[in-house]
Amino acid sequence: MTSSGLRAAAALLLLCAATFAAAAELSDKLRDDSELSQSTAKSFRRLMPVRFYSQVEQNPIANATLTLRSCTIFVPTNEAFQRYKGSIHVLYHITTAAFSKEQLPKSVSSDMDGNPPLYITKNRNGDIYVNNARIIPSLSVEMTNREGKRQVMHIIDEVLQPLSVQKNAKDNINNPDAMQFLQMAEQLELNDFHLRTYRSQVTLAKKESVYQSPGAHTFLIPIDESFKLSARSGLVDAKVIDGHVIPNTVIFTAASQHDDPKTSAAFEDLLKVTVSFFKQKDGKMYVKSNTIVGDAKHREGVVLAEIVKANIPVQNGVVHLIHRPLMIIDTTVTDFLKKNFGCNSFKFLNENGENGALRKFYEVIMDNGGEVLDDITNLSEVTILAPSNDAWNASLIENLLRNRKKMREILNMHIIRDRLNVDKIRQKNANMIAQVPTVNNNTFLYFNVKGEGTDAVITVEGGGVNATIIQADVAQTNGYVHIIDRVLGVPHTTVLGKLESDPMMSDTYKMGQFSHFNDQLNNTQRRFTYFVPRDKGWQKTELDYPSAHKKLFMPDFSYHSKSILERHLAIADHVFTMKDLVQYSEQAGNVVLPTFRDSLQLRVEEEAGHLHDENASHEWTGYVIIWNYKKINVYRPDVECTNGIIHVIDYPLLEEKDVVVSGG
């Protein structure tokens, strides 16, 4: 070896020795810090991965930085290394300035070739993220090396992954912006996804400047596969391209806020589009556009897209590849169920089809013979309340799946012959809980809106089940899909649980609570048929008997309240549906139902008319109770519970003599 070679080798040895010394200092700091508990110190030692330091040792630039310069180093945990299967880019974890957590700016330049940025974001919980990796708050360490340079180490829960270039790439690609990313996509490691179609539309619309814009933005790019379903590439105009960009905000999936709408670049007076991220329980990440204000070319509604490759950092932000373009509404409800979440033709969806957001709903439809899908196809306007995959895991559903007749009824309960978006639900819900007929004969759904704006929660009740809409207004050419968290028509709560949770029955629930009448309603050994006055029914009694109404809701008069409620509750070894009561009434004239103390005598008739919706376009057959010469409409019949059935009525079974009360 030449003398110069010996000198170089000696220098390298000295450098390595210095690095080992620096590492030892850091370990000593972690071990000996008096402010750390013994268990925390052990955690620190466990979290210092040998693999990362072996990478540092093999990298002269990293060695020199640790030895001679100020720096911030982001060190992944051992668990992060075990999960990560790719190449480790040590210099992408280092920036040549020292930053505590509080000092971290919105982006820092890494020490990797081209100095690609690392993006720092903070969520509402106060967690700090470097790209898609969370900084573990209690495990940051600050020290000074032997050169007197300040250095900071943050422990993170993921390995930082820069933009990956194919080995045979012809161009030297370092730190491209989003437009260069699009132009050079064929040379990048993108899991065999191609972006030619969308790139062509960006060029055709002369929107290159959007993707070249300096700053920190989020770019959503549909893959070529998404344009094979139809001639939708021609629908990707300049406004649609704007709708795929969230300006001045970098969103990595781990740091994203669930369903937190962000203003897209397509947000102006005549067109307003927001974009938000959300995660399914199965781990799949989705992004959705919501065209709040549309125009002739861009219809209002939500478009849902799965993120098929996430968190690709570029010079001016982050790129996510998605399985279909946003904003474009060009499929029917049937196509949406079949192509997007049922019999997928995409390669990536074939490989991961078991995780489709509505896979189980589609499977149940097809296992039931597919006629329901034919019915949906034949409707010119339709709204589907589609239970999520998790909704089908309820234990009671397993037994019903074999009963095709019952399942057909349940599936039909999720179908509405109308285009019903959230705005229309709000209008119907303005002064009362909205009632909407389903394709099931005489079956209605009841919508309730709580809260305003983005904080609003919309629930729907059907067949005794209260479900929450977890994803609303997924728009199609002939209607909407709302994803809900329960299967309607499969009761999962007792009579008491239903009273407690249903906003229409809160007054009856309160009266039963202070009079202890409700105590019996959790008993699953009995079968209850409960005629429950809705809140508006009790409000009517306030007009008819103002003094008595006030007393009925006072604990001092609980005996009278309990006596009146007992009249409404039939107790037997089976329940009485409205059809049963109509049949018995036709046979015997009056029906006598056993109650706690006595019996309830009434007659039930069917009556055609707009009983449920004065603005309905069709007549619906409703039920009327005749009791003591009074006709009382049945507002919601046959609300099933696990230990009985509830019939919601428009007025209490109340006589004038009942309310002539006195109290001490």
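Even glycines carry a Cβ here, placed using N, Cα and C.
The annotation domain 'FAS1' is assigned in TrEMBL to 23-160, 182-326, 342-488, 492-653. What TrEMBL lists as signal peptide is 1-23.
Taken together, the residues in the domain 'FAS1' (492-653) have a mean pLDDT of 86 on the 0 to 100 scale. Helix, strand and coil content of the domain 'FAS1' (342-488), in residues and according to DSSP, is 55 helix, 43 strand, 49 coil.
Each residue of the domain 'FAS1' (182-326) gets a DSSP state, and the totals for helix, strand and coil are 35 helix, 53 strand, 57 coil.
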